[in-house]
There are 2 protein chains.
Amino acid sequence: MHGSHAMNKNRDLDLLDRLADAASDAILPHFRKLPGVVNKAETGFDPVTIADRNAELAMRELLAAERPDDAIFGEEYDAVAGTSGRTWILDPIDGTRGFMSGLPTWGVLIALADESGPTLGMMCQPYVGERFVGGAEGATLTHNGETQPLRTRPCADLAEAVLASTGPQHFEPQDYAAFQQVATRCRLVRYGTDCYAYAMLAAGQIDVVVEAGLKPVDIAPFVPIIEAAGGALVDWSGQRIGPTLPHGFAGQVVAVGDPTLLDAVLAALRAA
Amino acid sequence: MHGSHAMNKNRDLDLLDRLADAASDAILPHFRKLPGVVNKAETGFDPVTIADRNAELAMRELLAAERPDDAIFGEEYDAVAGTSGRTWILDPIDGTRGFMSGLPTWGVLIALADESGPTLGMMCQPYVGERFVGGAEGATLTHNGETQPLRTRPCADLAEAVLASTGPQHFEPQDYAAFQQVATRCRLVRYGTDCYAYAMLAAGQIDVVVEAGLKPVDIAPFVPIIEAAGGALVDWSGQRIGPTLPHGFAGQVVAVGDPTLLDAVLAALRAA
C-alpha cells in the first residue's frame with residue numbers, strides 16, 4: 001500500500017512538470033513580442049488571449065490522455081466533471097497585465113485538489129525558468145536545474161513586515177480601506193506582485209499578502225506551497241482557504257509567512 | 001578619425017558589459033537568500049546594502065583601472081572628478097524594494113554621459129539574464145545569448161495606452177493627483193515596475209511611464225535606450241531629461257514610446 005501511494009505521488013509530481021512544460025511551450029512564443037517580430041496573422045487578436053487559451057488546451061489535452069477520470073477546473077474553458085474525486089485547477093497565465101506589459105512576473109498555476117482542497121501545487125515562471133512546488137513532501141524552488149527547500153521566515157511584529165499586493169486598483173473601496181489599515185502598520189508595501197507575492201512569501205522574502213477579488217484558480221497552488229513552507233493562508237475572516245477550493249471561494253486572501261502574525265493582520269483589517 | 005571613433009565606441013560597449021559582469025557577481029550571492037542558507041556572519045547587516053555597496057565598489061575599481069580620466073557619479077559613494085569630460089553614472093541595484101522582496105524586477109543601471117547628457121546606457125537584470133543597451137548604434141536586448149533590436153510601439157491615443165509607475169506611495173500628494181489625471185485616461189495601469197518600466201517601454205510593451213522623486217542614477221541609462229528605440233523622455237514640463245543628467249535633475253519623468261502621445265500626457269498632468 002505504502003509503495004503504491006508513494007508511486008502515485010511521484011506520478012503526480014511528474015505530471016505537474018509535464019503540464020508546466022506543455023503550458024510553457026504554448027506561452028513563450030507569445031511573450032513580449034517585440035514590434036519588429038509581430039506575426040501579422042495575429043493582427044487584431046490579442047496575443048495574451050492566444051497564449052492563455054493555447055496553454056490551457058495543451059494542459060487539458062495532456063490531462064485527458066493521462067488522467068481521464070480526474071475533473072478539470074480551469075480559467076479559460078468550462079469545467080470537466082470527473083469520477084476520481086480529484087480535480088486539476090489550471091490558470092495558464094496568472095498576471096496577464098504583467099504578461100501584457102512584458103514583465104517577468106506572471107506565472108503558470110497548476111493545482112491538484114481532493115475533497116479537502118488543493119494538496120499539490122506549482123507556480124511555473126517559464127521565462128525566468130523557475131518552478132515553485134508544494135505538497136505533502138514539502139515545498140521547493142527549482143531554478144537552473146537546482147532545487148532548494150522553501151521556508152517562510154519568522155516575523156512576529158507587523159511593524160517589521162514586508163506587505164505585498166498586486167495593486168490598489170484591484171480593491172473595492174471598502175476592502176481598500178481595510179487593506180490600508182494593514183499597509184500603514186507595515187514596514188514596506190510592494191505592489192505589482194501577482195502570483196510572485198505568494199511564491200516569495202513561501203521563500204521567506206515577503207511576510208504578508210493581503211488581496212481581494214481573486215478567483216479560485218489564482219490561489220489554489222499556493223495553499224500546499226505556503227502551508228508546506230510554514231505559512232498560513234486564510235480568508236479575511238480567518239478561515240483556511242484550502243477547503244473552499246475550487247468552489248465556494250469568496251476572493252479575499254490573507255497570507256502570512258509567520259502564523260503568529262495572523263491575529264495582528266486580521267485585527268488591522270477589522271479596524272477599517 | 002572615423003576608425004578610431006568606432007573603436008572607442010566598441011571599447012565603451014565592451015567595458016559596459018564588464019561593469020555589468022562585475023556588478024552581477026557582487027550582487028547575485030545576496031539575492032533572495034532563502035532562510036535556510038542565510039550567512040550568519042551577516043546577521044544584523046542588510047544583505048541589500050552589502051550587495052549594493054560591493055557592486056558599486058567592483059564597478060569603481062574597474063573604472064579606476066580602465067578609465068582613470070573619467071568622472072564617476074554613483075548612488076552609494078561620493079562622486080569622483082575626472083578630466084576627460086565623460087562621467088560614468090552607476091546605480092548598482094535600482095529597485096531595492098523589489099530586490100528585498102525577492103522579485104526579479106530590480107536591475108543594475110550604468111550610463112556614460114558627456115556634456116550633452118547620457119550617450120550610452122545599460123540596464124542589466126542578472127537573475128533573469130537580460131541586458132538592455134542603448135546608444136548611438138541603436139537599442140538592443142540580449143537574453144540567453146540572443147540579441148534583438150528594441151523598438152517602441154505606436155500608440156497615438158492615451159485611451160489605448162498601458163501606463164506604468166512604481167507605486168502610488170512614491171508620489172507627493174500633489175504629484176499623485178497629477179499622475180491620477182493621466183492614469184484615469186489610460187487603458188491599464190501597472191505598478192511595481194521600477195527600472196523594468198523604462199526597459200519595457202523601449203521594448204514596445206508599455207506606452208507611458210510617469211514618475212516623480214527619482215534620482216539621476218535611476219534614469220540616466222534610459223535616455224539613450226529609449227531615445228534610440230524611438231521614444232521620448234522628458235520632465236513634467238516637457239523638457240528633455242538627458243541634458244540635466246547627472247546634475248540638475250528634479251526627479252519628475254514622463255516617458256512615452258510614441259512621441260505623438262507626449263502632448264496628451266503633459267496636458268493630463270497639468271489638469272490636476
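Cβ from N, Cα, C; glycine included.
Note: TrEMBL annotation is automatic and uncurated.
Per TrEMBL, the Mg(2+) 1 site holds B:Asp91, B:Asp94, B:Asp218; the candidate it also names there, chosen from B:Glu66, B:Glu75, B:Glu115, is B:Glu75.
Note: none of the binding-site residues B:Glu75, B:Asp91, B:Ile93, B:Asp94, B:Asp218 has a C-beta at a distance under 8 Å from a chain A C-beta. Listed in sequence order, the residues B:Leu90, B:Pro92, B:Ile93, B:Leu109, B:Cys195, B:Lys215, B:Val217 complete the 8 Å Cβ shell around the Mg(2+) 1 site centroid, once B:Glu75, B:Asp91, B:Asp94, B:Asp218 themselves are left out. In three-state terms derived from DSSP, B:Asp218 (Mg(2+) 1 binding site) belongs to a helical segment. The sparsest Cβ neighbourhood within 10 Å, among the listed binding-site residues (B:Glu75, B:Asp91, B:Asp94, B:Asp218), is found at B:Glu75. Listed in sequence order, B:Ile27, B:Val48, B:Ala51, B:Asp52, B:Ala55, B:Phe99, B:Trp106, B:Gly107, B:Val108 are the same-chain residues at least 6 apart in sequence whose CB falls under 8 Å from the CB of B:Ile93 (Mg(2+) 2 binding site).
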